[in-house]
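Take a look at the structure below.
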Amino acid sequence: MGAGPSSEGEREPLLVPAQPETSIQPAYSRVYGRRWLVLAIFSLLGFMQGMVWNTWGPIQNSAKHAYGFENTDIAVLVLWGPIGYTTWLLFMWLMDKKGLRVSLLLSAFFMVAGTALRSVPLPNLQLKRWLIHGGQLLNGLAGPTIMSAGPLLSTTWFAPDQRATATAVASLISYLGAAASFLIGPLVVPAPK
């Protein structure tokens, strides 16, 4: 495109390949057979978190009928998940300082406590609605760790050639849980007549 031939400096590559250092040995770590069980349990936790988060949208007509919810109530119930993400920095610090196990146990506790709060049978609908909102918030607090711990789990438990698969499974399974709630929710909670 130019008027003349290119100069020698224009033909030099912008990125020069790094010279391999012979003193660095590849790091080998022991890989345990139970790593697949760990991934399966983590994936189940992520699946359930996504499903609990997306409970109310697919059954909104039944929820409106049973609890007197309005459209804004359903929207706020779904919004508690992203609101829970505002605490991400605290959970990432916890994952760095205390490790994956402590962070995931705390997230699992939040999920169980949140689901238990939503399940408390009360005759007072106003108090029941507050418990449902509190349960959704607790489930939202479990989200930052579950949604971001997949890469740490894969580097901790898996060999380098398996990490991409483990990270993909761990990262995408909670979205599958949210999608499954569209199928399972209406099957469990029928629409009002």
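Glycine is no exception: its Cβ is also placed from the backbone N, Cα and C atoms.
According to TrEMBL:
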TRANSMEM  36-54  transmembrane segment
TRANSMEM  74-95  transmembrane segment
TRANSMEM  102-121  transmembrane segment
TRANSMEM  141-159  transmembrane segment
TRANSMEM  166-189  transmembrane segment
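Taking pairs at least six residues apart, the transmembrane segment (166-189) and the transmembrane segment (74-95) share fewer than three Cβ pairs below 8 Å and do not count as touching. When each of 36-54, 102-121, 141-159 is scored by its Cβ pairs under 8 Å to the transmembrane segment (74-95), the top-ranked stretch turns out to be 141-159.
Taking Cβ pairs closer than 8 Å, the transmembrane segment (36-54) reaches residues 78, 80-81, 104, 107-108, 111, 114-115, 136, 139-140, 142-143, 146-147, 149-150, 153, 157-158, 166, 169-170, 173-182, 184-185 in its own chain, all 6 or more past its ends.
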